[in-house]
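As structure tokens, the structure follows; a few thoughts come after it.
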Amino acid sequence: MKEKIIFATKNRGKIKEINMIMEDTNYEVISMEDAGIDIDIVEDGSTFLENAIIKAKEVMKIADCIVMADDSGLEVDYLDKAPGIYSARFGGEDTSYRIKNKMIIDKLEGVEEKDRTARFVCAIAAVFPDGEVLTTRGTVEGIIIHEERGSNGFGYDPIFYVPEYSCTTAEMDNESKNKISHRGKALRSMKAKMESHRNGCK
Ligand code: IMP
């Protein structure tokens, strides 16, 4: 029987992605909804990692198994790493990504290629019932292009160009994106840390 982990998200797509990565482990990841937990969490940390820890600890207050949470977003160097932890709220929570992406492109008007660097960041925290916390972070580096390209993915994917692959993350299929993405990297390193933890290593 696999050990359950609650992932502090309401997003089913994320659970599917995580379970694909955790498939060959002794863990099964379920959503808050599957665990019968329905709470709204105030993410008032000042970094991705603080927010991930806040979310996992809040759920842990009413759970009796390992709880994992993530926080992610886009950092644009020329904009002093904005929108960063405010990526979802940038330009307004209900504003479409077509508009959010246009706002970023406009803010970079006239900015040279070399100064258009950006990255997606993902921090993951796993909190154990005994209070122990494991954390990981994953990033993928890219460049903000001048117009949207591609229709896969979500959010800022259409303006995030990865030079190594000569395409935006919205032009990659799910499998290719998972291989290089911030979330894929953070999840795979969390999986490795959890397995060492299970075997008694710190
Ligand atoms: P969350 O932490 O998954 O809620 O993501 C926060 C926000 O960061 C999302 O709403 C997107 O705006 C942005 N974001 C995070 N990961 C990605 C990605 O892989 N592609 C595009 N946008 C992303």
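For all residues, glycine too, the Cβ spot is worked out from N, Cα and C.
All TrEMBL annotations are machine predictions without curation.
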Listed alongside Thr9, Lys10, Asn11, Arg12, Gly13, Lys14, Phe154, Gly155, Tyr156, Asp157, Lys177, His182, Arg183 for substrate in TrEMBL, from Ser46, Ser72, is Ser72
Within 10 Å of each Cβ, count the other Cβ atoms, then let me know which of the binding-site residues Thr9, Asn11, Ser72 comes out lowest.
Asn11
Taking only the CA atoms, the spacing between Asn11 (substrate binding site) and Asp71 (active site, proton acceptor), expressed in whole angstrom, is 12
Helix, strand or coil at Thr9 (substrate binding site), per DSSP?
coil
Using a Cβ cut-off of under 6 Å to any atom of ligand 1, determine which of the binding-site residues Thr9, Asn11, Gly13, Ser72 qualify.
Ser72
